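Structure first, then comments.
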Ligand SMILES: *[C@@H]1O[C@H](CO)[C@@H](O)[C@H](O)[C@H]1NC(C)=O
Ligand SMILES: *[C@@H]1O[C@H](CO)[C@@H](O)[C@H](O)[C@H]1NC(C)=O
Ligand SMILES: *[C@@H]1O[C@H](CO)[C@@H](O)[C@H](O)[C@H]1NC(C)=O
Ligand SMILES: *[C@@H]1O[C@H](CO)[C@@H](O)[C@H](O)[C@H]1NC(C)=O
Ligand SMILES: *[C@@H]1O[C@H](CO)[C@@H](O)[C@H](O)[C@H]1NC(C)=O
């Protein structure tokens, strides 16, 4: 009995501690106003091509709107200018407008993934470009320690830097442009059908780019609120456990 109380007190203490830790401000100072992906990338520098493509495909508005309306957050993989300049010449120009949109959407995941969460995600990850299965837009990650590698079936690359993270939006620098199989793969991919129907990842089934309206508080505020509500619920559960001992 006494043991259990000590255990409960320790848990409460730890919970309090981790809640406090989670509430610390993000290392990168958030720009004032609503989260704005182009502003974040402009501040980081070296992303002019990616910014230009975000704007021309209007994926920047999509990202900003999704951030304002989503409670799962977003993850963006940003290739720097030298990644674009090392593409075979004419690569971008050979794409249709629709393919450019898909290429940029392929760099956006419809959920917030922290650096450490990459270790537990299941492949293939869903991107805003859509179908991660059937050889269309798979994006796989592998991790060793803190290192995160990405493969698309066309390119292998590394997450080289965390540019921004505020628990709703994570922006990572990747060394190469993520070329999706659907656009750059062989014209008629013939994946083993049994393999592609394997167990689905929870991420792959997450909400896609919906644009449901949220009224009142911003997504960031409601996210924080539900996080604290969750913490309060856990504390309440622990207290009732304690009382029942
Ligand atoms: C985001 O920032 C860019 C550049 O700083 C600016 O041109 C654009 O209007 C901003 N978008 C929104 C929705 O505030
Ligand atoms: C990532 O790829 C590099 C180069 O191919 C390799 O040396 C490294 O071990 C890989 N890391 C992970 C986490 O897979
Ligand atoms: C991604 O991972 C899935 C599941 O492990 C695998 O079936 C698929 O072949 C992988 N795709 C690529 C491009 O590595
Ligand atoms: C990417 O890595 C995989 C496994 O490590 C390898 O089989 C494949 O050939 C690599 N692809 C490229 C384009 O380097
Ligand atoms: C964010 O969403 C709210 C509520 O839907 C809306 O009033 C506001 O204009 C949106 N802000 C941006 C920058 O889209």
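The chain as shown is numbered from 1 upward.
Every residue, even glycine, has its Cβ placed from backbone N, Cα and C.
What TrEMBL records for 1-23 is signal peptide.
Here TrEMBL flags 34-178 as domain 'FAS1'. Summarising model confidence by region, the domain 'FAS1' (34-178) averages a pLDDT of 94.
Residues annotated as region 'Disordered' in TrEMBL: 190-215.
According to TrEMBL, the transmembrane segment annotation covers 223-243.
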For the domain 'FAS1' (34-178), residues assigned helix / strand / coil by DSSP: 46 helix, 35 strand, 64 coil
